[in-house]
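Data block below; observations after.
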Amino acid sequence: MKVSAVLLVLFAFQAAVAVVRSTAPCTLTVGYYNDKCNRSVEGIVRDTVKAALNADSTIGAALIRLLFHDCFVRGCDASVLLDPTYSNPYPEKTSGANIGLRGFDPATRPSTSATEASTSLSQRGAWTSVVSSSADAESNLPGSTFEVSKLISNFAVKGFTPEELVILSGAHSVGRAHCSSFQDRLSAPSSEINPYFRDNVLRKDCGAGPADPMVENNIRDQNATTLGNLTGYVVPANGSDLLDNSYYHNNLNNLVLFHSDWALIDSSATLKHVHEYADNGTLWNLDFVDALVKLSKLTMPPGSTGEIRKMCRATN
């Protein structure tokens, strides 16, 4: 069974908006808005994201990445949404780790739309951080050149197991990446990357067009003419922009973009799960949903202060 990015993005964002700050510092409460709004906040989020996906199917992958890049830094506090200001010229979204990050418009629109539900400020949005630092993004987000041991320790800090690392990495079955994010793969040894894929696909794509062009994460979605007679990847049956377990098949055949993807098959602690999800796409669908819910519950660091913003892109 293939799962559309539409369904999982909707689920993830509804989960994220449903857990909001409780009376205890830095903790979250499910259903915070249940008795506060005339219209379901989850419904507002669903309608907004659905409209964005209908207008641009690639926004699904962008929103999943946006969710991860927010929650993995200081918890799910919307710190990645904050724009640069005179007093804070380098918020998270300016970090090199967040290159190409998009989806800010549909992510911020539900807060504006929540005025349909109530005129009360406390009903316009979730508890959000007043802190956003490029340095925090750099030090918390996993790098595309990480070895598996560093990936495992990076995820462990956030409470995720090696299996959950493998599960969440499956999100790379959709989306696009700047060539600068996998530049090291253009000279990686043939034991780590299919040489035809490296020499005739990635080098060609990264050497064409504007500076630092973008390439589809999934070889399945790349130009068939460029791929030529290359084999070993899952041919799309239901179109592109689909979250599925093709990522794991590609990884076992050295057909993935990032070194951090390939690294998952370089350790028995993660390789067994790559095989597990390559063999069972339905299991991955279920486990990916659970991992997204867990991700959406990451809270701000103890002692943090926050507010309910009037505008998602700026502190009050």
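Backbone N, Cα and C define each Cβ position, glycine as well.
Here Cys76 is paired by TrEMBL through a disulfide bond, and of Cys37, Cys71 its partner is Cys71. Each residue contributes its Cα atom, and for Gly75 (Ca(2+) 1 binding site) and His69 (active site, proton acceptor) these two points are 9 Å apart. Within 10 Å of the Cα of Asp70 (Ca(2+) 1 binding site), the following recorded positions from the list Cys76, Pro142, His172, Cys179, Cys206, Asp244 place their own Cα: Cys76. The Cβ neighbour count for Gly75 (Ca(2+) 1 binding site), using a 10 Å radius and every protein chain shown, is 21.
There are 24 other Cβ atoms within 10 Å of the Cβ belonging to Cys71 (disulfide bond). His172 (heme b binding site) has none of the recorded positions His69, Cys71, Val73, Ser79, Pro142, Cys179 nearby, counting only those with a Cα within 10 angstroms of its own Cα.
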